[in-house]
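**Q** Sharing a structure with you now.
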């Protein structure tokens, strides 16, 4: 099954819902950054949440999420758009702790319990929206739940899960976001709360082969009457290119480019998001200087 995301409503429009299977997307991030299991879980949960938030946008809008805790992973940075493309990286991909008391990967300890979750929405020519809330858990899902409630004033429930194989590869990843619409009835809230207490972890659902639609059916129950509004594929996709890095080098000016030529005879550009490297030869750097000089 390929990764994809669904947008839906439940309880006759009282609940807005998103669910995603992100296994291959998170696996690609793990491969590119060579993350160890705890970091794969932290980065994977963050990517999963961000790609669902991207689905809340329109057109060419984009979103950037920065999770900056006091744990050894350092900051996690994730970008997503409204089309299902997402990319992300972590400052320190090689963090290891023993399993926590529940026998699970200790994401909280790796990310940290003090710090900030920052969301920046690039709405194109219209506006830039920025919101920041403190990290309240370090487990990622609870931190996004708190963000929605306090920064956007939308009561929400966020479920995120990543299962990692013993060889560090990603076995399963996915998640859901439920948001209560204005006027949501108390009976609806009670029903959702009861389901959230009894459902199994979302990563287990993905491992068992649940589709995003089936995840929402499990979370909202039969009475939720899930109505799927749209589906879209999701993937790890970086927008970097040699041309973009060339433009960035041009922005450094003739002096710095000439210094690259004199000292190294070449330049290497490195994309933190996808780990791609782009080499610029002496001739290519001289060509960039010619572009500047017209």
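Indices start at 1 and increase along the chain as displayed.
Here the Cβ of each residue, glycine as well, is placed from N, Cα and C on the backbone.
Annotations for this protein, taken from TrEMBL, read as follows:
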DISULFID  238-240  disulfide bond
DISULFID  271-274  disulfide bond
**Q** Hey, how far is residue 274 (disulfide bond) from residue 240 (disulfide bond), Cα to Cα, in Å?
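**A** Checking the Cα atoms of residue 274 (disulfide bond) and residue 240 (disulfide bond) gives a distance of 8 Å.
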**Q** Which entry in the list of disulfide-bonded residues, 240, 274, has its Cβ near the fewest other Cβ atoms, using 10 Å as the limit?
**A** 240
**Q** Using Cα coordinates, what distance in whole Å links residue 240 (disulfide bond) and residue 271 (disulfide bond)?
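**A** Counting only the Cα atoms, the answer is 7 Å.
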**Q** Measuring CB to CB from residue 271 (disulfide bond), give everything in the same chain under 8 Å that is also at least six residues away in sequence.
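**A** For residue 271 (disulfide bond), the qualifying residues are 238, 240, 245, 277, 278.
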